[in-house]
Every structure is written in structure tokens, then in C-alpha cells.
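S.K.: Can you read through this structure? Questions will come right after.
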Amino acid sequence: MKILVCITHVPDTTSKINFTDNNTKFDTTGVQFIIGPYDDYALARAIELKDAIAGTTVTVLNVGPADTEPTLRKGLAIGADDAIRVNAEPTDSFFVASQIAAIAKETPYDLILMGRESIDYNSGVVHGIVAELLGIPSISPVMKLDLEGTKAKLAREIEGGKEYLEVSLPFVAGCQEPIAEWKIPNMRGIMSARTKPLKVVEPKAADSGVKLQKFELPPPKGSVKMIPADNVPELVNLLKNEAKVL
Amino acid sequence: MAILVFVESAEGKIKKTSIEAVAYAHALGGPVTAIALGAVEKAELEALGKYGAQKVLHVADERLSQGIIQAYATVLEKALQDEGADILVLANSSLGTPVAARVATKLGASLASNVVELPKTDGGFVVKRSIYTGKAFAWVELKNQKKVIALRKNAADIKEVGSPVQVTPYSVTLGDADFATKITSSEKATGEVLLPEANIVVSGGRGMKGPEHWGILEELAKTLHAATGCSKPVSDMGWRPHHEHVGQTGVKVAPQLYIAVGISGAIQHLAGVNSSKYIVVINKDPEAPFFKAADYGIVGDAFEIIPKLTEAIKAAK
Ligand SMILES: Cc1cc2nc3c(=O)[nH]c(=O)nc-3n(C[C@H](O)[C@H](O)[C@H](O)COP(=O)(O)OP(=O)(O)OC[C@H]3O[C@@H](n4cnc5c(N)ncnc54)[C@H](O)[C@@H]3O)c2cc1C
């Protein structure tokens, strides 16, 4: 079985977000980049399936310039067999999804896994676009995924609950916790990742019809009003008469 | 500029986030057609007229009572064509967003999810979307004639602008591929306020010490008609169900009021709550980072403060 896991290269979850160039570029100063947390869940589940099903291979894919390669290498260290980097700035969801679909058209995969959304642009649409371009089912956000031959059983989160589903391979899943436990690369994984194949391919043209104009930061928060612990009714008074939310 | 709005329902009732989508479409200015799928109460459908729908289409196919992403996308594509609509508006939800992705791809439409405001239309059609889990925004131009907009909850004000309308039955031929995914069962939290849609959220963290202490938070939530939430370690430890976990890797909420009890305010938790209108923090540590993000704060022991707060709210009612 061949599994493709699409991973994003995103600022660490604790990063302070700033912009430069008149609010048109993300400021990478001092920012640590990581595999997107949701993508990390997808990758962890793929590795579990590889360990459970003989003959399974896992390919990690990222659409990004050369400086995302350490993120791909981390995917290899966690246990993927090979990696593909589409050499392009990931400008928007449709562009990224088109690159993934183009790769999957050349080499059919039985399963395409990715995070439910990236934590930078939070679009949550790449899995759906990829699946639509390939003409296969898409399911998201997936919190459980088990395979029985060519059939899959999944659980999907819905507002205030869960849905259980069945679908046949191939399909695309947007993953989230608790689908698997995150895997931490060990020394052997890190060493072997250096020699695993990482293929670089050039992007295909794809026009999404969206254009970024500028970024904006939320206005700074005013200071907190502290209420003494022995005067709880004052909080209720403020919520009622000042904030007017009660 | 005709607009189609996909309205989601649960147990026969239209979801609030979908009524917001109708209100948003009305504010956009075009004639608005709403479309609902599966089993929905007639009065609920008719009432969409009050919020700005001139026309309501209903696909009464029972198979569509469950949210099947592909089938929904097929129906919406057809309805957009039949209605001559250029814009599709829907809720940025666990169903709406994946459906939006597929419809936009079918139509070659410009797509934006997590949209938080009405567009600027002087020189293009430019929407504001929330990015970096609420830590920033992006203004993006939707250049294609066809546009798909997934609207974040609480991003539009619901106002009564019209009166109930008649419902028009509508049908679309669906094939096997539309039903390639089968929903076998579901588990729904019923009878309580759902976290993603709540106006008030009462959330507890590790400071609550254990699941046996959640009763006082539930009592507070009940008094406020609020939903309950929690921090990630709380759901990781199984004190609370996973779908209550709020934050960067959990549910993102945008209520009028978020009350955080015994939560330190780690940046990953804040990322899921910083779109709340007002934040109240109750923590025994005056240095807890959450106070920096709060509007109101009390330094104190949750086990003393919470029952008092519940009493004070009851007294003020
Ligand atoms: C990649 C990644 C993603 C993450 N995503 C999320 C996420 O989505 N959501 C999330 O919540 N976390 C997330 N986290 C975890 C996050 O970093 C914090 O660990 C977590 O939010 C801490 O939860 P907490 O505040 O409940 O617990 P703690 O940090 O242990 O804080 C407990 C608080 O309770 C207070 N307290 C203790 N006793 C009392 C009392 N009797 N009365 C009042 N106050 C009391 C303490 O002063 C303290 O401030 C993520 C972490 C990573 C690495």
C-alpha cells in the first residue's frame, strides 16, 4: 500500500506573529518552524499503518521553497520512506492542492493523509480540493482511521459530537487528534533520514483566483480589570452593566 | 449578484451559524436564495425569510439528512447554476468548510474560509479572513466571478429584515459516487449548549484538579445557559470529552463571553479563544499569563469563587 502524507512547514505554536514589508510578508525573525500539528497526527497514523501492514510505504510531501527541507527530513526521521518537495512558495490553498493532486495523478496513492488545516492560514480546504481534483472521497476532520483490506472505518468530528463512516480506498483524509500519538524521531531515525531520497519537482501552473492584499494584526488588548476575590457580585455587575453580556 | 446560502440543520432545526450566513448574504446585497438538505422542519425553513432569504429551496431527500460532503457539493453546484448565483455563502464548520472546498473546485470559484467581515468592494471584492488561529488577519481579493465564502461563527449580526417565505421543493439526481462515503452511526451531544455555537463558554483547566470537580462549572454553565469547554491536558487526561478541548489544536470559539477557570493561558489555548468578545479569568496565580488576555480577572481559588459566582448570577437575574 502507498500512503502520501502532506505536511506543512509552519511557525511553532508559541510564535509571536508579525509582518514586514508594509504588512505584506510574514516576519520570520526568531521564528522556529515545525511540521503542522495536525499534519503530525496524519504522519503518526501513517507510520502506525506502515508498521501494521506489510509492504506499506509512506511518502511525505511539502509544497515549499528549499528552506522547508528540514521539515521534510523530520518527516523522514519519524519514519517516512521518501520525500517530495514541490519547489514553490505555497501561496494559497488551491495552488498547494493542485500541486498535490498533480503528484498523485502521476503516482496513484491508496491513501492521502494531511492535517485538517494548517495552523498558519487555517483554511481547512486543501484535502477537499485535492480529492475533488482527483475525483475521490474526502473526509475531514478525521479523529480515527482503521483499515480492513481496501475498506476504511473512520470517525469524524462534528459540532458537539462524532460521526462514524465507511469508505473504500483511495480517499483523502484531513486528520486531527486523537487519531494517533505524535511520534518523536529517535537517533536511528535521524541518522537514516539523511540518506533517504528527497525528490524536488517543479510546480505546475495553477491559478486560484485569490490574491493576498495585506495582513493585519488585531488591536492590542486593553488592560484587565481586577476584581477582589471577596467581591464576586461586582464581577456580575460589570458583566451585566459594563460589558452587557449577561 | 445573486447569492446562494447553504443552511445546515441538526435535528430538524437550522443552525445559528447558518442563519448568520443568511444575514451575511443579505448584507452583501444580492437577492438571497437559501438551500437546505434532508429532514428540516417546515417552519424553520420558512423563517429563513425573516433573516433575508427571498427564496428557500429544500431538497427533502432523506439520504441527505446526514452531511455527506460529496453529495452536498454536487447539490450545491447544481443549485448555484440553476439559480444563476455567483456567490455561495456557508458556515465555516466541520461540514461547511470541506463542502466549500469541493464546490469551489467544481466551479473554478475563488474560495475563502474563516471569513470574519463583510467584503470591501471598492476596487475588487476583498474579504478579511482570520489566520494564525486568530492571531492575525489576511485581506484577500476574490478575483473570479464565482466566489465561495465560508463564514466564521459570530461574524454576522442576525437581524430580522423580512417575513417568512414559502419553501420551494428542489431535487438533484445523485449518483453512486456521491454516496461513496457511508455514515454508519453518530454520537451527538444533545440537550446541552453546543460549544462551537455558544454565546457564553465556561472553560476549566488543570486547576480544576479532577473530573469530579466539574459539577461546579456545569452548575455555573447551566445558570448562564453556557457551553462547557476545557484546556487540552484536561481532555488528554480524559476528564472531559475531546470535543470540549478549546485552542489551537482544538475547537476555536468566538463567544460573547469566555470564562476561563484554572487555565494558565498558554499561547496555544489563547489561540482558540482570542476572538471572544469578553474574557473573564479566574486563577489562583496572579502571574498566570491568561490575565494579560482578559477583560476581567479574579485572583482566587476556583473552588471558592465559582459557587459564589453562580449564586451572584442567580441573584442578579
Ligand atoms: C503543539 C501544541 C498544541 C497545543 N494545543 C493546545 C490547545 O489547543 N489547547 C490547549 O488548551 N492547550 C494546548 N496545548 C497545551 C498548552 O501549551 C498548555 O499546556 C495547556 O493549555 C495548559 O493547560 P492548563 O492551563 O489547563 O494547565 P496548567 O498549565 O497546568 O495550568 C493550570 C492553571 O490552574 C491554576 N490553578 C490551579 N489550582 C487552582 C485553583 N484551585 N483555583 C484557580 N486556579 C487554579 C494554576 O495557577 C494554573 O494557572 C498545546 C501544546 C502544544 C505543544
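Just so you know, glycine gets a Cβ as well, placed from its N, Cα and C.
Copied straight from TrEMBL:
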type: DOMAIN; residues: B:3-183; note: domain 'Electron transfer flavoprotein alpha/beta-subunit N-terminal'
type: BINDING; residues: B:R206, B:G262, B:I263, B:S264, B:G265, B:A266, B:I267, B:Q268, B:H269, B:N283; note: FAD binding site
S.K.: Select from the binding-site residues B:R206, B:I263, B:G265, B:I267, B:H269: which have any Cβ-Cβ contact with chain A shorter than 8 Å?
M.R.: B:I267
S.K.: Let me know the DSSP-derived helix, strand or coil state of B:I267 (FAD binding site), please.
M.R.: helix
S.K.: Kindly point out which of the binding-site residues B:R206, B:I263, B:I267, B:H269 have a C-beta less than 6 Å from some atom of ligand 1.
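M.R.: Correct list: B:R206, B:I263, B:H269.
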S.K.: Any idea of the Cα spread of the FAD site, B:R206, B:G262, B:I263, B:S264, B:G265, B:A266, B:I267, B:Q268, B:H269, B:N283, as a max distance in Å?
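M.R.: With B:R206, B:G262, B:I263, B:S264, B:G265, B:A266, B:I267, B:Q268, B:H269, B:N283 as the binding residues for FAD, the largest Cα distance is 18 Å.
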S.K.: On a count of neighbouring CB atoms within 10 A, which of the binding-site residues B:I263, B:I267 is highest?
M.R.: B:I263
S.K.: I'd like to know which of the binding-site residues B:R206, B:H269 has the most other Cβ atoms within 10 Å of its Cβ.
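M.R.: Selected residue: B:H269.
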S.K.: Going along the chain, which residues six or more apart from B:G265 (FAD binding site) have their CB under 8 A from its CB?
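M.R.: Listed in sequence order, they are B:V281, B:N283, B:A288, B:P289, B:F290, B:F291, B:K292, B:A293.
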